[in-house]
Amino acid sequence: MTAATEPRARHGRTGRRAGRAWRGYLYVLPAAAVYLAFAVLPALHTAYLSLFEWDGVTLGEWAGLRNYREVFADPALRGAVVNALVLVVFFALLPILAGLVMTGLLCLPRSSIGGAGSRGRGRGLGVYRLLFMLPQVVPLVAVGVTWRWLYGEDGLINETLGGIGLGGWARAWLGDFDWALVAVGLVGTWVLSGLCMMLFLAGVHKIDPQLYEAARLDGAGPVREFVSVTLPQLRGELAVALTVTTVAALASFDIVYVTTGGGPGEETTVPGLLVYKLAFSDGKVGLASALGVVLSLLILVLVYVINRLSRTERT
Amino acid sequence: MAARTRLPVFLALLTVLVTACGALTPGTAADPDRPRTVPSQTAVPREDITLSLTFADAPALVDALAAAFHKRYPRITIEPRYTQFADYVQSIKLTMASDTAPDLAQFAVGMDDIAARGDILDLGPYRDAYGWRKKFPAAGLDQLTGSGERAAEGDHLYGVPAGLSMTGIYYNKELARKAGLSRPPRTLAEFDRQLAAVKKAGMTPLGVGALDSGGLHLWAALLNNAMEPEKYRAWVKGAKGATIETEEALAATAKLVEWSRKGYVGEAAGGTTQNDSTGAFVRGRSVFLVNGNWAAGQLSESMGKKAGFFLMPAARQGARAVSSGFSVSYAISSRTRHPRAAGAFLDFLASKEAQKIVAANGFLPVDEKAAPTPDGVLGEVARAHRRVTDDDGMNHFPDFTAPGMLDPLRAGVQKLLAGRTTPKGYLASLQDVWDERYGSGR
């Protein structure tokens, strides 16, 4: 809008001014129309549906805020939200940590793949990046099925444990009440670590080499360099990574659906899964919508907090 | 200025949206003008007719039935439309409520709601006109009968079975011999001793795929022999005042917990799918396996004569043979323009020709005499099935109680196996779902 409003002060003819002001909207229109039709309207419709008791077919019945009361009162629904918050650790914190460590190693001044003076550009880096990006490319359903086998009674993980003399630790990981959520979470860590690494590597490319030079002149070692130069310069990428992965954790559905279906018991049930089950299996579209709205609000709040934090740090 | 114009525009847009939504109370009421029941005449009109059939089970079976039917009625063509089972169950309500609903549909959980809305026809008149009571086994028709509101009341027929399914216990004859077992158990106590003997011999007794539906099959098998079938069926069909919180159900559930505690159920059950538990059984990882007749073909192929089958034994020898099962059955849409042609197809399902096709495709035929009893484990399944039909012992699967029952059953058995809930707590959680659907008239 600013581009359209600035020159109009010089012209001073009202008709033309108004025309210019509206032209900006015209440019936005196609994108706005698509966004409105496929994102805003469905969201509003969902919020509207959450005020009904509706089975998806027959005439709905006005329920007011009853569905919301149930969302907050039902321990099963609350438990699902808690599970999703636990998943944040595995989907967001661990991948970011892993991504940072990998980035740090790849950008070591004298590392064989990093190469001196060519942070994150050295030989072999392409292969490395491809390998860690691969989990992002494979469809999540395929990822889930593969991991279900890996975690299975005769799966690779138990075989490995047996092989190194830890056979006593072997178990059906996805069926274990204490370990299922961790097992599912680690699948997320595996999927998202590569994404974080890619983001950080891209960020490292933008850092001014002079900063590193200055640090080295001041006698900083590789660790100090990473902490004092790389990390602060990656703040923007960190915020993006944290936002994307947190949303992935809270809105997770596919990995859980394919690996455990929410079990054992309700140990790995997450809100996304419940929305699906309530709407399509149980015929409680209103309650599912209410849960969806609450989940969206929770995500919005968290994303806002993340953005807010990264912004205050910058000033 | 821009900010001042933007707000009213936004408000106006929002108002339009909200009013647009307001006109849309979700869903539609049933159309009172649509027929609720099939006509009483059965004569098929002489014209070229195409019937669409939506289904989820056994595409090969449906194709073969459609082809055979077309041969008998050259002017009627059946057009099968396949949907994967999980998606089918989710979408069938909407499919049947749409104006482009198919003429015929495979019956599934939640069909009561569809019948209540008047989207499928009551087949009562055809039952009399075609004499279906004589052509189909009583249990097969019973499971498809209800009032359209409650399955427990009324005499409306909403579907006709083609092939039947049933659960039971497979066993590895070779491994069983190794554990010193010489024959399938005849009483629950004998089975208990056999499980103990297998455990003592260092093998996993019972393979259960409790990650998905295997756990509830085991629980239902124990329950079938503990609870009076009529009482159980009243519960599944939502009869007023029915409850699962009974002494018998409690004993059956306690048995399941006992088997798990004693290590008779494989430790990995909660993390194993039905398919994977069957695969493990084939590889000799368990001596017994809880599964249904649908696995018989696969087991017969991969294990040959090593595989055997028996029903979960009752407390007393020679007691009524009871098991869980349902049918691949079809209903007629109330939007069809050809109810009589659709009726002819349903009647065709009872014919010898159709039953041979059913048996050839691995389902249990409604009429056992239609096809010769096969050899091996397939034959053992067929003979066990005959005992159950003769004793009128076919119970619904427990998840037929309500569309929302599958999850508490699956999660509940997982908790029982892991000792995370008590039998009492488990039964109460099931009854809660029941009460929510049928009202607690107790």
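Just so it is clear, glycine is given a Cβ too, placed from its N, Cα and C backbone atoms.
Features as listed in TrEMBL:
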DOMAIN    A:81-306  domain 'ABC transmembrane type-1'
TRANSMEM  A:25-44  transmembrane segment
TRANSMEM  A:84-109  transmembrane segment
TRANSMEM  A:130-150  transmembrane segment
TRANSMEM  A:179-202  transmembrane segment
TRANSMEM  A:238-258  transmembrane segment
TRANSMEM  A:285-306  transmembrane segment
Look at every Cβ pair spanning the transmembrane segment (A:130-150) and the transmembrane segment (A:238-258), keep those 6 or more apart in sequence, and say whether at least 3 of them are under 8 Å.
yes
Quick tally over A:84-109, A:179-202, A:285-306 of CB pairs under 8 Å to the transmembrane segment (A:238-258) gives the top stretch as A:84-109
Under 8 Å Cβ-Cβ from the transmembrane segment (A:84-109), and at least six residues away from its ends along the same chain, one finds 116-117, 119-120, 122, 125, 128, 132, 181-182, 184-186, 188-189, 192-197, 199-201, 204, 212, 216, 222, 225-226, 230-231, 234, 238, 241-242, 245-246, 248-250, 252, 270-272, 295
